[in-house]
Amino acid sequence: MESTFSSPAEAALQREAGVPGQFTPPEDLDRVYELERVTRFICDLGCQRVALQFPDQLLGDAGAVAARLEEVTGSKMFILGDTAYGSCCVDVLGAEQAGAQALVHFGPACLSPPASLLPITFVLGRRPVALELCAKAFEAQNPDPTALVVLLSEPACAHALEPLATLLRPKYQDLLISSPALPLPVGSLSSQPESLERFGRRFPLNPGRSLEEYGAFYVGASQASSDPNLDPDLSRLLLGWTPGRPFFSCCPDTGQTQDQGAKAGRLRARRLYLVERARDARVVGLLVGTLGVAQHLEALAHLRKLTEAAGKRSYVLALGKPTPAKLANFPEMDVFVLLACPLGALTLQPSGGFFRPILTPCELEAACNPAWPPPGLAPHLTHYAELLPGSPFHVPLPPPESELWDTPDVSLISGELRPPPPWKSSDDTKCSALTPRPQLELAESSPAASFLSSRSWQGLEPRLGQTPVKEAVQGRRGIAIAYEDEGSS
């Protein structure tokens, strides 16, 4: 049945969901998915049940990969797809529900520390890279052989950084090569104990050097992309990189480069705008965007403490993957804060399709903590773990008697003066003897009550005792699209 207000019932069966899947030729499965290394990982652990996690675009190969691994290892494989949150995070909950003893993650990964001690290995992929073209592009953008530059890449191009560095090292002696911060095998020691770990990567810095001194050359961004928004991995790097240092991206297929300085400036400007929106907000929705990343419960408690200290009301919402339709059910919220891994938190920005802006935890920290940022710290963090106690970037809330809470604050959006937190008493104890007793006109100020009073429809009227009592009668039968008492059209 089809009408002006509904689609035909057959449309739900004919609709193609998700993105087109990838089908790799059988002879290339071993190379693309590194099955030899995965087999060695499973056999060394002696696992009998293994979970294989695939993103949507790789589910077409999931069956063939699982069958090949079962044949070689003799272990039982479980395919994990359609994760409740971002596919870049390991689905440790799904693996534990399947009784898996280990997990293999295929595809792009944020490499955030998991909340479980389950053995995990990552297969990031091996995207082809034109080394000669990328080397020429690097030399064109860095004519000074003494320049401090670090080589970065998207996860699928990480395998090409060492060969690229081999071509460049005869000329560039101070070249720094990053590597994915993959978990080390159980019982092994890192060969680079002094390496700095940041942005999901390891940087083997020389003594006396800091990452803030280096420019960046990123292999992986493509100028042929039709999406005007930056991918989350590159956005994460641009936000956290030192302002003023050169940052170039290079397409691994063509070797074409692009200066990302202007895009980094737009990202930081958008972050400042979101901070202002968070400062103006009275009701904040905390969206749970991960259950598999370490310290997510501590981060949730930290965000609730922040909003309470700033005099804001917060609500925790566990909705799975956020969509405009889901969040539209909560019009009381002024802003939403997505508690997720760095890539998941940046995936929804810019949040043009949502009726309220979606922030990252770092933006809420900058809005609610008057002591943020401390001198010498750039406020462009991307991971919520960097805000928690124990992190070198943690900034505790100032005490209630601190003058930071009394600093005049004017909204850059509305131009109005923001009031201090409600718990901050404005009464002067020296003049309390002359203060008249209040008449209790306002018992309590509630953002929810203010929002309800401003709505044109406030719900059904109870009208207790005013409605006549009637006997129950049989109602309509059927579904909303076609009740039984309606004729077919």
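Yeah, the Cβs are placed from backbone N, Cα and C, and that goes for glycine too.
From a predicted model like this one, the values you see are computed outputs, not experimental measurements.
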Item to complete: Figure out which of CYS250, CYS251, CYS341 sits with CYS89, CYS110 in the [4Fe-4S] cluster site per Swiss-Prot.
Response: CYS341
Worksheet item: What is the one among the binding-site residues CYS89, CYS341 whose Cβ has the most other Cβ atoms less than or equal to 10 Å away?
Response: CYS341
Practice prompt. Provide, as an integer number of angstrom, the distance between the C-alpha atoms of CYS110 ([4Fe-4S] cluster binding site) and THR467 (phosphothreonine).
Written response: 59
Worksheet entry | Distance from SER456 (phosphoserine) back to CYS341 ([4Fe-4S] cluster binding site), taken between C-alpha atoms, in Å | 39
Response to the item:
THR467 (phosphothreonine) has its Cβ surrounded, within 10 angstroms, by a count of other Cβ atoms equal to 9
Worksheet entry | Other C-beta atoms that fall within 10 angstroms of the C-beta of SER456 (phosphoserine) | 4
Item to complete: Determine the Cβ neighbour count for CYS110 ([4Fe-4S] cluster binding site): the number of other Cβ atoms within 10 Å of its Cβ.
Response: 24
